[in-house]
Amino acid sequence: MTVIASILVIFSAFLHAGWNLIGKSNQGSGFAFFFTCSVAPAILLTPYLYWFFSQIEFVSLSSYFWLLLSVSGFFQVIYLYGLSLAYQTSDIGVVYPMARALPVLMVGVGTAVLGQSVSFEQWMGFGLITVGCLLTPITHLTQLRMKAYFKRSLLWAFVAAIGTTGYSIIDKTALHELNDNVGEIHSAVYIAIFYLGIQFWAIVLWLSVWFFVSGRRHEFSHAWRFKKKGTIAGVMMASTYGLVLFAMTMVDNVSYVVALRQVSIVFGLVMGIIFLHEKWYPIRGAGVVAVLLGLLISLD
């Protein structure tokens, strides 16, 4: 993994923790806040999408790409759904590490199944990251038992992790497909920005369908109340994942990117303590150390 790719992912991790902090502070908004977060960057990037399409023939994009995009948007909604419900019942210092930790091993297994190599040292690193993140929901080692994790907030954090795992694996494949389709016309940077914008529209579409089907149409009008904070968080969301998508074009194994993104756990924990006045526990400090060690081992 190149130095440039690592810097991009670390900065995106800082932005990721930041928009999650805003999301946690607006926990009472339900799904309307996350709808606004998705609509804002989708609209802002629409002129770029128009320009991108004007440079290529629409049929240049394969049906396989559109399928990948649709599935990725679905997993993004699963992620936002789980995150929204988790933040309503627990601290960011508990939910955020769990939602970020579990995808590490999930993506590792997924990439191995897809035929990409993962060394023993990398598995050790991924395992340390996961163990470190599992320490953060508890306040004492005596609580380190299975029942400590059978809480509603952690269940929804697990749902969010499933969403993260799904879109992380699919997005790498979708970017490769895009490069095969239009790589001779547009550079990797332009392709990453295009995918980012079109993906937000996929999220908006899935959320809209869900609101109509589930009888939650009031979420549309409710979302307008969070237009300012939602737009800020949405821009941060777009920036963080845009950097990640660009970094994905520089690596052969997406699990490296997912692992390095976990440094956002450190940022999230510190932000929660400073801005939301959440409590600090030594066991959480041990968890952060385990995460950092895992990063060093897996990215060596």
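Backbone N, Cα and C define each Cβ position, glycine as well.
Under the heading transmembrane segment, TrEMBL lists 6-23 (among others). Tertiary neighbourhood of the transmembrane segment (6-23): same-chain residues 33-34, 37, 83-84, 87, 92, 96, 229, 232-234, 236-237, 239-244, 246-247, 257, 260-265, 267-268, 271-272, 275-276, 299, selected by CB-CB distance under 8 Å and a gap of 6+ residues from either end.
Positions annotated as transmembrane segment by TrEMBL: 30-53 (among others). Distant neighbours of the transmembrane segment (30-53): 19, 23, 80-81, 83-84, 88, 186, 190, 193-194, 196-198, 200-201, 203-204, 207, 211, 216, 219-220, 222-227, 229-231, 233-235, 237-238; these residues of the same chain sit at least 6 beyond its ends, with a Cβ under 8 Å from one of its Cβ atoms.
What TrEMBL records for 65-87 (among others) is transmembrane segment. If one looks beyond the transmembrane segment (65-87) by at least 6 residues along the same chain, the residues whose Cβ comes under 8 Å of a Cβ in the stretch are 20, 23-24, 27, 30-31, 33-34, 37-38, 95, 99, 152-154, 156-167, 170-171, 173-174, 177-178, 181, 195, 198-199, 202-203, 205-207, 210.
Marked as transmembrane segment by TrEMBL: 99-117 (among others).
Taken from TrEMBL, the feature transmembrane segment covers 123-141 (among others).
Positions annotated as transmembrane segment by TrEMBL: 153-170 (among others).
Sequence annotations record features per position, and here TrEMBL assigns transmembrane segment to 190-212 (among others).
The list of residues near the transmembrane segment (232-250) in space but at least 6 beyond its ends in sequence, with Cβ under 8 angstroms from a Cβ of it, reads 1-2, 4-5, 8-9, 11-13, 15-16, 18-19, 22-23, 33, 36-41, 44-45, 171-172, 175, 179, 188-189, 191-193, 195-196, 200, 257, 261. Annotation source TrEMBL lists transmembrane segment at 232-250 (among others).
Among the features that TrEMBL reports, transmembrane segment is placed at 256-276 (among others).
Sequence-distant contacts of the transmembrane segment (283-299) (same chain, six or more residues past either end, CB-CB distance under 8 Å): 1, 6, 93, 97, 101, 121-122, 124-136, 138-141, 256, 259-260, 262-263, 265-266, 269. Annotation source TrEMBL lists transmembrane segment at 283-299 (among others).
Contact between the transmembrane segment (99-117) and the transmembrane segment (190-212) is not supported: fewer than 3 Cβ pairs lie under 8 Å, counting only residues 6 or more apart in sequence.
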